[in-house]
Amino acid sequence: QRYARLAGDRRERYPHSLQFYLEPPTESISLVEFESFAIDRLRLLKVVENLGVSYVRTSDAYKVKLEAELRKLKFPYRALAEDDYEARRKDHISHFILRLAYCQSEDLRRWFLQQEMDLFRYRFNELTESLMQKFLEHVNLSFEAIGEDLKNELANELSTSTPGFSLSKVKEQMFYKVGLADAVDLFRARRVFIKDGFAYVPFKEIDVIVLNNYRTKLSKALALTARSLPSIQSDERLQPLLNHLSHSYVGPDYSVQNNTGKISLEQIDALSVKSFPLCMRQLHRALRDSHHLRHGGRMQYGLFLKGIGLTLEQALEFWKKEFIRGKVEADKFDKGYAYSIRHSYGKEGKRTDYTPYSCMKIIMSNPPSQGDYHGCPFRHSDPELLKQKLQTYKIPPSGIAQVLELVKGMHYQLACQKYFELTHDVDDIGFSLNHPNQYFTESQKLLSGGREPKKEFNNSGNFQQKNYSQESINSSSTPTSSNAKVDTELEGLEAYFTED
Ligand code: SF4
């Protein structure tokens, strides 16, 4: 009996597989679950982003691949499934967690909004007509279908004002009377018949209205969540986790390498052309040209080199040789710069073994200023300069146009993937790029014949769950025990989403 009641409650909680995510979750959740839900959704949204630029969104290939990913990650993938409470719960909670992580800057908000919209569009269009109706009622968007008499009366106008609708098609389809404010996009694109302040929208265009509505709600919600940032930032359990989610993308951290010492200093020039991503190629060039890099550049490039296998001794030699060719005296190098290199290898100070920066970290934090060469060229370079750089690197004009198009759409990592494809002469990169060191490893694998160029889009990715929980717990006042990690719960998530 208890089970039956529980099942009833559960169904009530999520009556539809699709949601507008209007109510934040109120239950307590363990940090472990929090973390794994967030990572899975991030992985899903990355796939949505990748698919969105590789396939037409209405194509079968797009749908098949997205459904496969939803299944794999255990998100609701078939609207009809009745017993997917766990999937719906995961969908709900993970959306809100990423909202917290991705409300923190304009760039992050825009990216999150775009991917969530695409995901929603796909899922909405997968609904059967009757489920769409039910969902619309559920979210108070039930529009009034016009009666047959009125439709016959307006048939000519509907046919001429609705592209693709012959008279016979008008007769077949339901039309809805929608307030102009809800149909702005259709109205602007001249895709609907307007009369007396109402748009007459055919059923197949209803998704535009629903998406519009969802976009408005979500972007407002993100802005509101951003306003509660101070309270999020003061939570010592959450903050490291959310920062990690939004800034340093969850791939392998490349700090532990099994290739240490396998690269000689003489190889670096050639490798920088063949296998370095553009950000590192740019830093290497700047270093060779000016025999100096400022702090941001030294950190980004130095840790990358460490990640590809330079030992501490090699790193000291590499930087010293270059710096003393510039204005730095050997003595000054040994006293100053050498310390920070040893530091980044965990040999000085707090003895933290620093991790090479991920793309998200490079893209999102510490933008370069005048005289700096760090950052991500796809994100931080002026498009005209980027174009010139790509021209110097002999990228064909059509390839440059594709890269610039991706940059314009703010798909920086995808632009970098395109650069990889163009410089390695493959049709499909075959992995989802998250990290400059991943770029290097994949390039080396490809060039050494370790993997066949793939034609098929593959999203197996390189995700790895990092264990933040212990770190979060340790930094909070929560008493720790060996299984405290699993037991620790986050209570009252809604506190972070409440309107002010
Ligand atoms: Fe470097 Fe990543 Fe930007 Fe590529 S996307 S240039 S690897 S930061």
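Backbone N, Cα and C atoms are what each Cβ position is placed from, and that goes for glycine too.
Heads up, TrEMBL stuff is auto-annotated, nobody curated it.
Taken from TrEMBL, the feature [4Fe-4S] cluster binding site covers CYS279, CYS359, CYS376, CYS416. Long-range C-beta contacts of CYS376 ([4Fe-4S] cluster binding site), restricted to its own chain and to partners at least six residues apart, with a cutoff below 8 Å, comprise LEU278, CYS279, CYS359, ILE362, ILE363, TYR412, CYS416. The secondary structure of CYS376 ([4Fe-4S] cluster binding site), as reduced to three states from DSSP, is coil rather than helix or strand.
The compositional bias 'Polar residues' annotation in TrEMBL covers 458-468.
Taken from TrEMBL, the feature compositional bias 'Low complexity' applies to 469-483.
Per TrEMBL, domain 'DNA primase large subunit C-terminal' is recorded for 270-440.
The region 'Disordered' feature in TrEMBL is assigned to 448-489.
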Can you check how the pLDDT averages out over the domain 'DNA primase large subunit C-terminal' (270-440)?
-> 90
Report the residues of the chain - excluding CYS279, CYS359, CYS376, CYS416 - with C-beta within 8 Å of the mean position of the site's C-beta atoms, for the recorded [4Fe-4S] cluster site, in sequence order.
-> PRO277, LEU278, ILE362, ILE363, PRO377, PHE378, ARG379, TYR412, GLN413, PRO436
